[in-house]
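Visitor: Following this message is one structure expressed as structure tokens.
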Amino acid sequence: MRRIAVMGAAGRMGKTLIEAVQQTQGAGLTAAIDRPDSSLVGADAGELAALGRIGVLLSDDLAKVADDFDVLIDFTHPSVTLKNLAFCRKHGKAMIIGTTGFTSEEKQLLAEAGKDIPIVFAANFSVGVNLSLKLLDMAARVLGDDVDIEIIEAHHRHKVDAPSGTALRMGEVVANALGRDLQEVAVYGREGQTGARDRQTIGFATVRAGDVVGDHTVLFAAEGERLEITHKASSRMTFAKGAVRAALWLDGREAGLYDMQDVLELR
């Protein structure tokens, strides 16, 4: 059995991850961790996820459960994830990282850690989203410079980063396929007298409202026709199942920084 720890276990995504781990053959939740000031520390992780008692108590310190897991799943915040990354690197633990909002410099720290431990880092662990990335690469290469490209994403009102990590990853895939640097061609929102659109740019629009789990649309608009590639998530479970799948896939892998394209053999 693959022994899995979940960081941020008392949060919305953490509870979903606990459920996904317990539903997956070959995986078992052996540690659950949340922030030290959480009033839920000491509670049974199964009860937190409405699964009943499973005998795993919520801890407030990763070091206290260091001997209890093989791989850590972390969907928290960059500052938290980087601390956990250093711990896992020191102790030889594998990691699944679904945290978004990293800077370029912070992403380099992930790459450095990948020299010592196996890591799967992805902006989105949904199988459908990762298939969409493959389709986006194909569409961008075929359509080339003859279309205007816009990326529209929507998430719940509690999401703290914008655009979403998934939207940015979609932009990177499209830009790379076209031989462009996303940092140079991205346009984040528009206001006022913007003038005619530059076809070399890639536009981003963000919606934050209600309880939207995650909607992403990439629009390729030409004269006379347009192509839209859309993915809509209706449950966090799709991300959680993908993360657990990645955790099982990492078993026995050499050190390296992988992503879901590797897990799904889409390269």
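Cβ coordinates are placed from backbone N, Cα and C, and glycine is handled just like the others.
Below, the features straight out of Swiss-Prot:
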- GLY8, ALA9, ALA10, GLY11, ARG12, MET13, ASP34, GLY98, THR99, THR100, ALA122, ALA123, ASN124, PHE125: NAD(+) binding site (BINDING)
- ARG35: NADP(+) binding site (BINDING)
- HIS155: active site, proton donor/acceptor (ACT_SITE)
- HIS156, GLY165, THR166: (S)-2,3,4,5-tetrahydrodipicolinate binding site (BINDING)
- LYS159: active site, proton donor (ACT_SITE)
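Buried or exposed, and what's around them? Tell me for each listed feature.
Guide: All protein chains included, ASP34 (NAD(+) binding site) registers 23 other Cβ atoms within 10 Å of its own Cβ. The DSSP secondary structure for ASP34 (NAD(+) binding site) is coil.
There are 15 other Cβ atoms within 10 Å of the Cβ belonging to ARG35 (NADP(+) binding site).
Using a 10 Å Cβ-Cβ cutoff, HIS155 (active site, proton donor/acceptor) registers 25 neighbours.
In the three-state DSSP reading, THR166 ((S)-2,3,4,5-tetrahydrodipicolinate binding site) counts as helix. Remark: THR166 ((S)-2,3,4,5-tetrahydrodipicolinate binding site) has THR100, ALA123, ASN124, VAL129, GLU153, GLY214, HIS216 as non-local neighbours, by Cβ distance under 8 Å and separation of at least 6 in sequence.
For LYS159 (active site, proton donor), the same-chain residues that are 6 or more apart in sequence and have a Cβ closer than 8 Å to its Cβ are ARG208.
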Visitor: Note down the number of other Cβ atoms within 10 Å of the Cβ of HIS156 ((S)-2,3,4,5-tetrahydrodipicolinate binding site), including every protein chain shown.
Guide: 13
Visitor: What does DSSP say about ALA10 (NAD(+) binding site): helix, strand or coil?
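Guide: The residue in question, ALA10 (NAD(+) binding site), is coil (DSSP, three-state).
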Visitor: Among the binding-site residues GLY8, GLY165, which residue has the fewest other Cβ atoms within 10 Å of its own Cβ?
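Guide: Minimum Cβ neighbour count within 10 Å, taken over the binding-site residues GLY8, GLY165, occurs at GLY165.
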Visitor: Counting across all protein chains present, how many other Cβ atoms fall within 10 Å of the Cβ of ALA10 (NAD(+) binding site)?
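Guide: For ALA10 (NAD(+) binding site), the count of other Cβ atoms within 10 Å is 21.
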